[in-house]
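Just below is one structure, and these are the notes that go with it.
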C-alpha cells in the first residue's frame with residue numbers, strides 16, 4: 001500500500017505518494033489543509049502518512065488524519081534508520097535529518113554530503129556506516145541579498161540572478177550579485193572539498209529550491225562526477241523513515 005509523505009518547509013509544502021521506492025505522484029504548494037490530504041489518501045489508497053513541518057501545522061487536523069490512515073508525525077524522537085549523534089537532537093531541523101536519511105536510502109554503502117539550498121543553506125555529512133554527527137547552517141541566497149539591504153544605509157535590494165557569473169561587478173547591483181553568487185558557491189565548494197578530503201569517493205547530493213544554481217556551478221568543478229541533484233531528497237528520507245518504522249516497530 002502507498003505512503004503519503006509530506007514536508008512543510010519555511011516557504012512551501014512538498015508532498016509525494018510512494019509505492020515502495022517509486023514516486024507515483026508529487027506536488028509543491030504554498031499551504032496544505034486536512035481536506036487536501038484526505039483527498040489524496042482516498043485517491044491513492046494510502047496506508048501510511050508521515051508529516052514533517054518546520055513551521056507548525058496550520059489548517060491540518062492530526063486527529064482526523066489519524067482516523068483515516070496510519071499517521072506518523074516526524075520529530076526528534078522518531079526512530080530512524082541512521083545513527084544520530086547530534087548533541088541536541090531536539091533542535092535539529094527535521095528537514096536536515098530527513099535529508100541525510102534520504103541520502104543513505106540512495107547510497108546505503110557510501111558517505112554522503114548533503115547541500116540543501118533553501119531559505120538557509122545547510123551542509124550535512126553522514127558516513128558510510130550511517131552515522132550522522134552534524135553539519136553547518138548558513139544564510140540562504142535571498143537572505144544574503146536581503147541582509148545587505150536591511151543592515152546598510154544605501155545598498156539596494158537586488159534580485160537573485162542564477163545566470164550571473166562574472167567574477168566582479170562593474171556597478172553596485174552586479175557587485176552584490178557577484179558577492180552573493182560567487183560567495184555562496186565558493187562556500188559550498190569549500191565545505192564539499194573538506195568532506196571529500198576524508199571521503200574521496202563520497203557522494204554530494206543537492207536539494208532545495210536553489211539547488212539548480214549550485215548544480216550548474218558544480219558541473220564545472222573537479223568533482224562534478226560525484227554530484228547528484230535530487231529535488232525530492234527530503235521526501236525520499238521521510239519515506240525511508242516510515243518504511244523503517246513499519247518494519248521495526
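Glycine too: its Cβ is placed from the backbone N, Cα and C atoms.
Together with 7, 8, 9, 10, 11, 12, 13, 14, TrEMBL lists one candidate of 119, 122, 152, 198 for binding ATP, that being 119. Here nothing among the binding-site residues 11, 116, 119 falls inside 10 Å of the CA of residue 94 (substrate binding site). The ATP site is set by 7, 8, 9, 10, 11, 12, 13, 14, 119; from the centre of their CB atoms, other residues of the chain with a CB within 8 Å are 28, 54, 55, 118.
In this structure, the C-alpha atom of residue 116 (K(+) binding site) lies 14 angstrom from that of residue 7 (ATP binding site).
For residue 11 (ATP binding site), the number of other Cβ atoms no farther than 10 Å from its own Cβ, over all displayed protein chains, is 13.
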